[in-house]
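As recorded in TrEMBL, the features of this protein are as follows:
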DOMAIN    51-302  domain 'G-protein coupled receptors family 1 profile'
TRANSMEM  33-60  transmembrane segment
TRANSMEM  69-88  transmembrane segment
TRANSMEM  108-130  transmembrane segment
TRANSMEM  150-173  transmembrane segment
TRANSMEM  212-236  transmembrane segment
TRANSMEM  248-270  transmembrane segment
TRANSMEM  282-302  transmembrane segment
Amino acid sequence: MFRTLGQTMESPNYTNLDPSIFFLLGIPGLEQFHLWLSLPVFCLGTATIVGNITILVVVVTEPALHKPVYFFLCMLSTIDLAASLSTAPKLLAILWCGAGHISASACLAQMFFIHAFCMMESTVLLAMAFDRYVAICHPLRYVTILTETIIVRIGVVAMVRGSLLMLPCPFLIGRLSFCQSHVIPHTYCEHMAVVKLACGDTRLNRVYGLTIALLVIGVDLFCIGLSYALIAQAVLRLSSQEARSKALGTCGSHVCVILISYTPALFSFFTHRFGHHIPHHIHILLANVYLLFPPALNPVVYGVKTKEIRERVTRAFQRAQGSGDTKSHSI
């Protein structure tokens, strides 16, 4: 049914489409598997909500965790929740019901928020790398450098940076005309997927999108790499193997999150821009891996590899179980 609908709407004879409505096709070529694909999407979305809310509750309610590194983790969890909620509900509606219709304004809003949240997350990951650099290279000045005021400013910079860099995109798309198909062969309103539908000159859109992507990913990855190069240099100066292992151990969670976040992002970016020989459904799957997996896995990584969070989550579950047993005995 979805294949027929997509072919009908994309055909040159289809001229009755409301110009204010787009249609998200889902994953072209895999329509018969949409229902099955919805299962991992639902599980990842649920894991994202449960995991990130758990991180937020544990950090907020535990005074011992009111430290810069955990405040940055709360920022990351908040962004992951927001990014997931901007994509997962519509994605599930498409996979379950074929409900791909979306208004032009809603499409532009979704596009803005998805890409803005991704840029915010990159900024927070950079801030977390700076946190590890200060903690290892300047431990005596850690508290004086990363004050609450500085942390709040970093959070504001992350929001403003992501919003301002993404703000021109909806306006650049708004000036274009869509005189042919309004069918977006994607699961969400990705910037280039929408631009490719336009029948006017899209060079400005393409150049701006490429510039912003390279600027954010390139600059942030360079700064993160520089931070860890300085960290490695400082660690090698330590006299004992135990001290080196302890210092590097504090970076393990952040390195895992960086790999989880940037690896699918880079794969998605380069295959979308330059992998023209790669099947289109692979592009779409990579784009969804990039949006769905990091928010679900980040809380797991920090929960498993960070002793303080692991202990407090375990303690909270034990308290909840104990209170439940007490109530059952009283009944």
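Even glycines carry a Cβ here, placed using N, Cα and C.
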Across the domain 'G-protein coupled receptors family 1 profile' (51-302), what is the average pLDDT of the model, as a whole number? 89
Among the ranges 69-88, 108-130, 212-236, 248-270, 282-302, the one whose Cβ pairs under 8 Å to the transmembrane segment (150-173) are most numerous: 108-130
In the same chain, residues at least 6 away from the ends of the transmembrane segment (69-88) whose Cβ sits under 8 Å of its Cβ atoms read 41, 44-45, 48-49, 52-53, 55-56, 59-60, 110, 113-114, 117-118, 120-121, 124-125, 127-128, 131-132, 135, 151, 154-155, 158, 187-188, 257, 291-292, 294-296, 298-299, 302, 308-309
With a Cβ cut-off under 8 Å, give me the same-chain residues at least six positions beyond the ends of the transmembrane segment (212-236) that come close to it. 119, 122-123, 125-126, 129-130, 132-133, 136-137, 165-166, 244, 247-248, 251, 255, 258, 262, 265-266, 269
The transmembrane segment (108-130): which same-chain residues, six or more beyond its ends, come within Cβ distance under 8 Å? 69, 72-73, 75-76, 79-80, 82-83, 86-87, 90, 102, 154-155, 157-159, 161-163, 165-167, 169-170, 173-174, 188-191, 194, 212, 216-217, 220, 223-224, 227-228, 254, 257-258, 261-262, 265, 291, 294
